[in-house]
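As recorded in Swiss-Prot, the features of this protein are as follows:
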- 1-29: signal peptide (SIGNAL)
- C83-C133: disulfide bond (DISULFID)
- C90-C136: disulfide bond (DISULFID)
- N108: N-linked glycosylation site (CARBOHYD)
Amino acid sequence: MRILKPHLRSTSIQCYLCLLLNSHFLTEAGIHVFILGCISAGLPKTEANWQFVIRDLEKIDNIIQSIHIDTTLYTESDAHPSCKVTAMKCFLLELRVISLEFKHHVLNETVENLIFLANDRLSSNGDITETGCKECEELEEKNIKEFLQSFVHIVQMFINTS
């Protein structure tokens with residue numbers, strides 16, 4: 001399975017150390033490379049953009065229309081901004097249901113990519129504890145079209161606050 005990781009990078013200090021320790025890199029240029037490498041390793045990584053999550057939601061919507069999936073999923077239709085992380089986690093759990101119930105390669109790959117991107121973005125919020133929010137099972141079950149529309153709305157809440 002190929003997971004797309006747009007805008008993600010990682011820097012390894014070991015590579016720069018290896019280059020520096022080789023005798024022919026003990027020059028002024030080699031030292032500059034080492035210092036710049038150390039500085040870039042300390043910079044925060046660029047995270048996936050919520051726009052890629054919306055793109056994957058649109059792709060899922062197109063796939064669902066083409067293979068005529070008719071299912072109901074727990075859907076948060078009017079999430080309060082203070083409960084957006086909880087709502088997002090519920091949406092991601094319900095996406096796993098789609099992936100497990102429907103054996104469609106492109107659909108499953110897109111769902112997994114979307115889950116990866118959203119979880120990566122959520123991890124930047126740390127361990128936020130939201131109180132007074134509905135549990136996933138307390139949400140109303142709606143058809144998949146309404147589920148995806150509500151999902152886009154939640155993602156837009158994240159975009160508007162970042």
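Keep in mind that glycine also has a Cβ here, set from the backbone N, Cα and C atoms.
Per-site Cβ counts within 10 Å over the recorded positions C90, N108, C133, C136 peak at C90.
In the shown protein chains, 19 other C-beta atoms lie within 10 A of the C-beta of C83 (disulfide bond). Cα to Cα, C90 (disulfide bond) and C83 (disulfide bond) are separated by 11 Å. N108 (N-linked glycosylation site) falls within a helical segment according to DSSP. Distance between Cα atoms for C83 (disulfide bond) and C136 (disulfide bond): 12 Å, as a whole number.
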